[in-house]
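Please read the structure below before turning to the comments.
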Amino acid sequence: MGPEFEDSIPLVHSDNRTTTIYSVYIIISDIFSFVQWLLFKVLNLIIIDSPAFVLRLLSKNFEINLHLSSILATLIGVSVVTYLVIRYKFLTGYSHSNDQKEGAGKKGIHPASSKVFVGKSKQDKKPSNYLDEFLLAIKVFGYLDKAVFHELTKSMTTQKLSHEEILCLDESLGFSIVVEGVAQVYTKKSKENSSKYKQRYFEEIEEERDEFLILGDKQYQLLNEVKSGAPLSSLFSTLDLFRPRNKNEEMALTPNDEDGNSVVALNMDYLSKSEPATDSKLSNSDDDENGQDYPEIIVRPKKSHNNGTITIAIIPHTAFERVQSKYPKATSHIVTMVLTRLYKVTMSTVQNYLGLTSEILKSEIKLNEENATSLPRYFVDGLLERLNKKEEAEAEAENLPKKLKHHHRNQLQRTTSRYVSLDSKVKSNHPGDLLSSVPISRSEFQKKVLPKSSTTSLSDGDNKRMNFTDEMEETEENSLRVAIIENIFKMVGIEETNGIVERTGYFQSLSSSTSSSIVGLDSLNQSIMSGATTPTTKRSHPVFNNQGSLMNTINLAELRKPSTAENSTLPKLSGKKRLLSDMNIKDAFAKSLEIKYIGPDSTIVSQNSAITGLYYVIDGSLEIYNRSADVSAPNRYIYTVESGGIAGYLTSVVGFRSMVTIKTPKKTGAVVAYIPKNDYNKLLDKYYFLQLPVALKLKNLLSKQILTIDYALEWCHIPAGEVLCSQGDLANGFHVVLSGRFRVVRSTNKNTEKEDVEVLGEYGHGESIGEVEVLTASRRSNTLIAVRDSETARIPRSLFEMLSNENPSIMVSVSRLVASKVLASQYQPRERNFITSTTSQESFTSANYKTITILPTVSGLPVRQFAEKLVQALRQIGRNVIALDQASILTHLGRHAFDESLARLKLSGYFAYLEEEYETIVYICDTPVQSNWTSTCISQGDCILLLADAEDDSTTIGEYEQLLVKLKTTARTDLCLLHQDKVVRAGSTSPWLKNRIWVQGHHHIQMKFEQGANVLPHKKSFISDLAAKLSQNKAIKSTFEATKQHIKWYVKENDQSKVLKIYKDDFMRLARILSNEAVGLVLGGGGSRGISHVGVVTSLERHGIPVDIIGGTSIGSFVGGLYAKEYNIVSIYAMAKKFSKRISSVWRMLFDLTYPVTSYITGYEFNRGIWKVFGFAEIEDFWIKYFCNSANITNSTMDIHEKGYAWRFIRASMSLAGLLPPIAFNGCMLLDGGYLDNLPVNEMKKRGVKHIIAVDVGSVDDRTPMNYGDTLSGFWVLLNRWNPFSSHPNIPTMMDIQMRLTYVSSVNALEEAKRTPGVYYLRPPIDPYATLDFGKFDEIYKVGLKYADDLFADWKSKGKFPRIAGLVEKKKDGEEKKILYRRNSI
């Protein structure tokens, strides 16, 4: 490349740069020139061309010719278009806000979840091995500790029976439990009932029927079928198993194998020798002619289960003896469980259901006949003398002389009886011993008479108070108290098992238990102890097929070794220590003793009273009376407790309510010694080793029939959500609800893919279930699901039939119970009518909740304040109620009430006791969400009240609700929205209910409270920000404060009636609804005649009658909706009059006319009239619970509306066919509900309302007889109408016949409503008024007001006024008095 070319390169680059710059310059200059030209043109157009165009236009002449008709047509067209735009675009805004699915009842928890529960099988959670079955059965002992449980199970043996074997149940050998298969338990019938079977032999066993079994010449009847996991032995049999046995008893239990040639002879020989020394549980031996004793109870496998075999686990009696020695506290727990089952299951069922109270009372009669022990005469004389002197002193002070009547006195002098010296004190004394009761100086006695041979002494820690009143001399009164306690001890059986008590005390001191007292009242302890430690040989029992043993071999020698070693080191307690321990116990009991005189014809204890105790009769007598379940029945005399006897024994020992009334004779009084039941229970808890002998004594006193019932009854524990019995199951028994609640569910459409579940109702405490199916031998018609943890007493069908044969009165009482249920069901709402009612799922009867839980949605809500107001309201309506919170439970049961298993058992027992004592229990959830008490409250509630702040804009799910959902409770849950004022913002309720499918209902409650810090603040808005800025202006602020003060003064002056409106209290309303004491108001349809409803409602307020639930039809739905929304008669009157004026306007109706294809009018003016009153308010926003009905002509059903826009469904309920078009909703056409039920009393009754005030304003049904032949001429009908002298009534027209046809079902429903119990039927005299006479508002209103005022005044004068809870206070004697409210006079 040459140098010339290289020099030319910079020149080329310079030319290119110059060309580019020039091009840019040209473009910019062109743009600038275009802008100048455009600007010039615009200015030219504005300044020159436009004015010139205007001048040319104005210089021309225009001429427009319009005819008058054209002008009018144009104006009419514009007016019509404007009207249509405004009418259908702007004035129908209320109709466009109905996109949500209104009126569709929420499904809630119970219908949806019940289906899931119905699908559960009771065998789903069936244990799969022996240990699980055993654990399930051992729960009857009450959550034993692991050490005690291991002590019982380590000696357990099992035995398997084939279908050809029969087991002779010997409860003295041990405690038996079925761990596999189903066992049939038979009991021997009496000789009289089985005499016709004497010619049959043992081999002739009837296999055609399982109810009876022939064994030799004895007949056995089926008592019960015991399934796997259930105990085969009676819980009462454990009492005998705890008692140590001597050598003779052990040898008596050993069978003799010598006579092994004959199977029957071997078995009979065994049976004759295997009878325990004590009375067996069902022992009532029936000897035949050969002297052979047949067993009272036999067991055989059920052939249709587990291939006809069963496996039984047996805990030998030695295991129980070791538990009693090592763990005496556990023994007392088991005894407590035995007594708990006795009073909760057996006695409760026998008294309240079977009506065998006399059988229970026989034990107390037997006690007084066999064991009554009177005091020495000098004790009684001295006591009467002191009481006489006391009465004389009181009479002199009050100037009212009184004298006690008493018997002749013994001539013994007090000084003589006071200082008698007895050497017999050295010997062991017995309660009731006359000589041992003589008062002497105790200090001298301790120095002289204690034996010197005592070699073992107690430790310093165990050596407590050794005398009665420290070192003070014992007075005669103290001696009297000790003598009384000794007699009571003897009667209740404490002296009979001193060996057990003494050994219990020793091991108790080793384990450092709560008490180290040792009772030694008998010198037989050493022989009992020696007998208990004697080893025994193995036992083997022959069976019927001679191929195996009746029970597995139990090596008693090996089982006795630990006990023998322990007992060998047991130091013998000296007589001194035994006596001192005896004094300590007597000391404690004597201190709680009250001695008093009761005058003639005085009632000491009333029947069913829980405040009772032990009454020892010192002088005089007490009469015992009993009254049947009928309150009007008189008291029936039972027996008399003479001097030395005890009254109130069963009530104190078992803990049951008093089954009798205890009175003194009409002419003479009585001197009694009284130990309150609470003090008695506390002392037995302290000296818990006394519980076993007391329970053994009670067992020996009970009759065979009661023990048989106790054996066969089942104590069923059903966890929450589990199925008690399923639809279609065999009815092999019926249940009595002891505690808890059950929901009745019925499944329909089983053959279809979608199975419907219908909730029929609920069963609560004390109600019985399933008698009809048992009596008719049919299958279960319903499924029962436990709402919460529940307990029932199951009465097997076989037991019921056996008792009915022996006591026909049982069948009579149960038949009456079933008949009363059938009779009551006639007045209950029909489940299925010929017209299906699509009732909301939340409207089933929620009768009488036993337990109510108050649970907040979030922390910071006034739970305690709400609970206090609710409890006060419940008490005011006459309920016996108690409120429980965590503090009260911890105070009663200790700080470990929710931690330990045994403590939880006590907790459940305490809750069950409270359910017996109180009508309503309120659980207050005042603890954090993680607390055990919160979970306990949720699980214990029959009804859960969920508190929420209605003014809180945040409607999210709170932490307490999350726990509620997590626990999967099936209890009814109601949302309580708390308002500061009695105002509900339209549409503010539905957001709370929208996402809470577990809520079945809601209540609006006014309660002033301060919002907690945890409650979320309200959302900010533009208006609030503007108000905040304006409040900074001083002038505006001062004006605002002045106006606010004026408004407060005005409200105060014009709201003086609040004090008188106690009947409007929201907590009283809530209390009545929860207690089945609600008052319902049902307003019927009738067009303008329904204006009288306003007058009736005004009269209700004047007379202070509360209204808790409102229902209505047609015009009744309108007036009822107004009252439910406003709850203020002034507002109702004004709005009803406004609506009537609008509807009665002729011009409005004329403008609403349309071509009468479906209806005469479009319904626009009618809709606007209703909407002007209710606006966008929803039924959920109404302050009072409300519902209305409509006729669904698409599905041919009656629809009940409880949610959705109020105006829409009230309009549907008022849609008269022909006049108004039907309301279209979800594709269905809704018409006036009066066509199906013009007075929906039946629907109100389904909501559990007790008092229903039904106001009927419908037209009178014309029932004039017609007789015009088989043919009818229309001309004759026309002439008959025109003929004033015709004797024939006017024949109805086609329109009249069609109208009557549509109201056929409504007329029948009205007649049924009049006959419904609890309905107060009102019909004002409004017949002269037509259906559309809305222009006569004031006249019709006054007719209704005057009628209601006169009727209510007449009711009050004649005593027919409804006894509404809260308005009438119940006295103790059953009388009632009207509650007067204080006037606001200042």
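Cβ from N, Cα, C; glycine included.
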### Query
Ranges 187-209, 279-301, 394-416, 440-462: which does Swiss-Prot label region 'Disordered'?
394-416
### Message
Labelled motif 'GXGXXG' by Swiss-Prot, one stretch among 95-100, 119-124, 1085-1090. Can you tell me which?
### Response
1085-1090
### Range among 102-106, 217-221, 762-766, 1112-1116 that Swiss-Prot annotates as motif 'GXSXG'
1112-1116
### Query
So of Ser809, Ser1114, which of the recorded positions has the fewest other Cβ atoms within 10 Å around its own Cβ?
Ser809
### Query
What else in the chain is close to the motif 'GXSXG' (1112-1116), if you only count residues 6 or more beyond its ends and a Cβ gap under 8 Å?
1082-1091, 1093, 1188-1189, 1213-1214, 1216, 1232-1234, 1237-1240, 1255, 1257
### Summary
Counting across all protein chains, other CB atoms within 10 angstroms of the CB of Gly761 (nucleoside 3',5'-cyclic phosphate 2 binding site) number 17
### Message
Counting across all protein chains present, how many other Cβ atoms fall within 10 Å of the Cβ of Leu713 (nucleoside 3',5'-cyclic phosphate 2 binding site)?
### Response
22
### Query
Within 10 angstroms of the C-beta of Asp1232 (active site, proton acceptor), what count of other C-beta atoms is obtained when all protein chains are considered?
26
### Task
Fill in the CA-CA distance, Val745 (nucleoside 3',5'-cyclic phosphate 2 binding site) to Asp1232 (active site, proton acceptor), as an integer in Å.
32
### Query
Quick one: mean pLDDT on the motif 'GXGXXG' (1085-1090)?
92
#### Entry: Minimum Cα separation from Asp1232 (active site, proton acceptor), reported as the residue among binding-site residues Lys697, Asp729, Gly761, Ala793, Ser809 that achieves it
Gly761
### Task
Sort Lys697 (nucleoside 3',5'-cyclic phosphate 2 binding site) into helix, strand or coil using the DSSP assignment.
helix
### Query
Rounded to an integer, what is the Cα-Cα distance in Å between Ala793 (nucleoside 3',5'-cyclic phosphate 2 binding site) and Ser1114 (active site, nucleophile)?
49
### Query
What is the interatomic distance between the Cα atoms of Ser1114 (active site, nucleophile) and Leu713 (nucleoside 3',5'-cyclic phosphate 2 binding site), given in whole Å?
55
### Task
Sort out the sequence-distant neighbours of Asp729 (nucleoside 3',5'-cyclic phosphate 2 binding site) for me: same chain, 6+ apart, CB within less than 8 Å of its CB, listed by position.
Arg779, Arg780
